[in-house]
Structures are given as structure tokens and as C-alpha cells.
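Taken straight from TrEMBL:
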BINDING   Cys133, Cys135, Cys143  Zn(2+) binding site
ACT_SITE  Lys210  active site, schiff-base intermediate with substrate
BINDING   Arg220, Arg232  5-aminolevulinate 1 binding site
ACT_SITE  Lys263  active site, schiff-base intermediate with substrate
BINDING   Ser290, Tyr329  5-aminolevulinate 2 binding site
Amino acid sequence: MHQASYLPESGTSILSVLQGGYNHPLAREWQAERHLRKLMFIFPIFVSDDDEEEVEIPSLPRIKRHGINKLLNYMKPLVEKGLKAVILFGVILKEGVKDDVGTAADDPNGPVIQAIRLLRKHFPDLYIMCDVCLCEYTDHGHCGILNDDGSLKREPSVLRIGSVAVNYAKAGANCVAPSDMMDGRIKEIKLGLIQAKLENKVLVMSYLAKFLGSLYGPFRDIAGSAPSHGDRKLYQLPSGGAGLARRALVRDMEEGADAFLVKPSTFYLDIVSEALRMCKDYPLCVYQVSGEYAMLHAAAEKGVVDLKEIAFEAHNGFLRAGARLFISYFTPEFLDWLDE
Ligand code: PBG
Ligand code: ZN
């Protein structure tokens, strides 16, 4: 009878036989602890101060920048397909609007506040998140307020970031996500929300780890936010800085963050796993940034990968590492690819 060479007598353990466990498509699905779902996807939306604009930027394939008058037509089919959440970024194209404190960030007639109001009104169930930063609105393109010698002024930067966040919340944002990496901004935002009596309505998502690197190029093209001088190394984390990421996580937990975000994604999944271990009681989000997304498109164009397959593989990797949510430029595709 049992002649198979798998039998222990032949020197091979019975545990070596795995393939029966994933022979059927359903059994293969069962191997995953969690599955991709539409509700996990947050779509970045770029809104400019040119009301009629609708342009694609070559370095960020398939992603458009919209003027306020073009936003609803673009969003409607996505919401109908099951889009649940967006994160808004403002873009200033008009000359002479950027200044040294980023006044345009929360200008009541600026792109972000206008977009919050419009989307809130037309899509009452859409979850509206706002990236909170100054680099898209300052004339020097840095994420905070600078001294004359170009160094950062921490305290005024944090106060300014705090008031921008509160103004987004007042306009109707469900979540504010500060990406500036200034020390102490989570606490400032939480205190500001308490003062505005919005602390029980608005989620504060901390970019716990935002690593400095080469992956933000297409974003800076579409948002026009490249620093005019210097770089961001005195506030974004060095790529080897796992310890700094852990310390930032502990600090931001103590400052009252409600959720955490790691960015970029693919090269930093160890940080995601560690963050999961350290803050398993919080929703954890990963941001597949513009450079990562553009690289996958470039590889697909060259015939190196299949775009859909690599997108699934990447996002399954985020799930395995422990992320529950993704900010992803692939969101529109996943709304087509996923059933629920
Ligand atoms: C603003 C901000 C940036 C990104 C998100 N928020 C740009 C930067 O820090 O230079 C990058 C996102 C992406 O590349 O997709 N600070
Ligand atoms: Zn910034």
C-alpha cells in the first residue's frame, strides 16, 4: 500500500507535503490572514488654485491635478464604485501667493478649504482626510517656518501647523494627517482641536515615520513643492533610522495620535511590522508614495512586470506587514479590481 517516497521510513517528513493545502483557488485565498478590501484604500487628490484646470503630470501616470470646478465630475464615478476615503493636497500655481508662513494652506478661498466644503456637501459619507504641511504653500518650499539663515524655527512652525489642522477640521475634514515631521505638532493639533471643541470629531493620524529619500519626486512635480534651497534632512528621517522611527512612535502616542502612518512603503515594511508590534491598538496606514507608484508603472511599461499583478503583490505585502489602510495612487484601479 503506502509506497510513496514521502513516508517517514524513506527519510522525508510527512510535513513536507504542502501543495494539497493550496490546490484550489479558494484554499489559496484561505492562506491569507486578511484580504484587500475597498474600505482600506485612501486616494490622494490634488486640488489646484486654477479653478478650471485638469492636467496629468507625466511623472505620475494616470493621476490628475484638478481645479475646484473639475473635482465633482472626477470624483462621482469613483464614489459610485465604492471609494470611501480621500486625502487632499493643495497646489498653488498662481504667482505671488506663496509666502514665508504658507498662508495659502488654510486660506478660506484656497484650494483645500474649498475642496473640503465641496466634497462634504456632495458626498456626505466620504471620509475626508487632509495632509497638513506647509511645503506646498511656502515660497521656500520647506515644511515649516525658517530663520533668516534657512534653519527651521520649531515653535512657530508647530503653532502654524496646528492652526492649519484646526482650520481644516472646522471646514469639515474627518482626519488631519501632519506630514511636516516637526517635533511636537501632534500635541499642538490635539490641543487646538480641544479648544475648537472638535476633539471628539476629528482623527489625528501621525506620519510617525517619514523617511527622506528619492521617492517623492513625482509628488513634488504635481504639487510644485520642491524646496528652493537645501533639502529636508533636518526633519525627515534618515533611511537607516529605525530607532528614530520607534522613538517618534512612542512620542506621538504620548501626544495623543489616533492612528499612525509609515511612508514610503515597500522599502520600509520592517518599520510597519515594528509599528504594528508597538501600537497594535491603533489603525496603521502605509503610504505607497509617488516614486514607488511611478516605478511600478515604468516597470510595467518596459514589460518587466504586469501592472495588476504587481499592484496586488505590493498591497498584499503591506497587509502582511501589518497595515490596515493604504494611501495609494492605485485606488481607482482597485475599485475596479475588488468586489467589495
Ligand atoms: C508634504 C508631503 C509630501 C508627500 C506627502 N506629503 C512631499 C514631501 O515631503 O516632499 C509625498 C507623497 C508622495 O510622494 O506621494 N510634506
Ligand atoms: Zn511638507
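We count from 1, first residue shown onward.
Positions of Cβ are set from backbone N, Cα and C atoms, glycine also.
On the structure: features taken from TrEMBL.
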residue	record	DSSP class
Cys133	Zn(2+) binding site	coil
Cys143	Zn(2+) binding site	coil
Lys210	active site, schiff-base intermediate with substrate	strand
Arg220	5-aminolevulinate 1 binding site	helix
Arg232	5-aminolevulinate 1 binding site	coil
Lys263	active site, schiff-base intermediate with substrate	strand
Ser290	5-aminolevulinate 2 binding site	helix
Tyr329	5-aminolevulinate 2 binding site	coil
Checking the recorded positions Lys210, Lys263, Tyr329: which ones have Cβ within under 6 Å of ligand 1?
none
Cys133 (Zn(2+) binding site) and Tyr329 (5-aminolevulinate 2 binding site), compared by Cα position, are separated in whole Å by 19
Neighbours of Cys133, Cys135, Cys143 excl. site residues, C-beta within 8 Å of centre, Zn(2+)
Gly102, Leu134, Glu136, Thr138, His142, Gly144, Ser179, Asp180, Ser225
Taking Lys210 (active site, schiff-base intermediate with substrate) as the reference, which of Cys135, Cys143, Ser290, Tyr329 (the binding-site residues) have a CA within 10 A of its CA?
none
For Tyr329 (5-aminolevulinate 2 binding site), the number of other Cβ atoms found within 10 Å of its own Cβ
25
Mind checking which of Arg220, Arg232 has the fewest other CB atoms within 10 A of its CB? They're the binding-site residues.
Arg220
Specify the nearest of the binding-site residues Cys143, Arg232, Ser290 to Lys263 (active site, schiff-base intermediate with substrate), where nearness means the distance between Cα atoms.
Ser290
Hits among Cys133, Cys135, Ser290, Tyr329, i.e. binding-site residues with CB under 6 Å from ligand 2, come out as Cys133, Cys135
